[in-house]
Amino acid sequence: MALERTFSIIKPDATRRNLTGAINAKFEEAGLRIVAQKRIQMTKAQAGKFYEVHAERPFYDELCDFMCSAPVVVQVLEGEGAIAKNREIMGATNPADAAPGTIRAEFAESVGENSVHGSDAPETAAVEIAYFFAGLELVG
Ligand code: ADP
């Protein structure tokens, strides 16, 4: 399997509860390397652009309000098959459906406030990484 990079966000519900370290431990234990990371406060416009693909969904406005309600930690994770591996570590979108031991099973508060974002494909990973990071900020 190829070495890949994926984009990750530790969401406001998790930064508020000081879960950044516990979530990063899950990534590192699974063999993902954090090759870039910064804590930022998104504006609603920035969150809206990031989640543009969901603009027609009923939860879009609530999701954008949530994502700019507190700081987030944006990250680039690197590893063998990093995109699929991260989705596995995250667990299902709804924590009620997330497998035991996954981040969302352990930490998520609801289907909306579900602690982490992770890219779902190589194309989205590339776009999402470029939205938040300059090339020089990625240190493998
Ligand atoms: P994932 O983050 O697992 O890839 P989606 O791409 O389907 O999931 O949704 C993006 C984000 O939108 C979710 O992580 C969650 O924060 C929010 N979301 C998804 N479905 C709902 C819902 N039914 N109600 C509220 N928020 C939702």
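Backbone N, Cα and C atoms are what each Cβ position is placed from, and that goes for glycine too.
Over in TrEMBL, the protein carries these features:
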type	residues	note
DOMAIN	3-140	domain 'Nucleoside diphosphate kinase-like'
BINDING	LYS11, PHE59, ARG87, THR93, ARG104, ASN114	ATP binding site
ACT_SITE	HIS117	active site, pros-phosphohistidine intermediate
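Secondary structure from DSSP puts HIS117 (active site, pros-phosphohistidine intermediate) in a beta strand. When secondary structure is read from DSSP and collapsed to three states, LYS11 (ATP binding site) falls in the coil class. Contact annotation for binding-site residues (LYS11, ARG87, THR93, ARG104, ASN114) versus ligand 1: THR93, ASN114, each with CB under 6 Å from a ligand atom. Neighbour density around each Cβ, counted as other Cβ atoms within 10 Å, peaks among the recorded positions LYS11, ARG87, ARG104, HIS117 at LYS11. The DSSP secondary structure for THR93 (ATP binding site) is coil. Helix, strand and coil counts from DSSP across the domain 'Nucleoside diphosphate kinase-like' (3-140) read 64 helix, 28 strand, 46 coil.
Residue pair HIS117 (active site, pros-phosphohistidine intermediate) / THR93 (ATP binding site) shows a Cα separation of 9 Å. Around the Cβ of THR93 (ATP binding site), 13 further Cβ atoms fall within 10 Å across all displayed protein chains. In this structure, the binding-site residues PHE59, ASN114 were compared by how many other Cβ atoms lie within 10 Å of their Cβ, and the smallest count belongs to PHE59.
The average pLDDT computed for the domain 'Nucleoside diphosphate kinase-like' (3-140) is 98.
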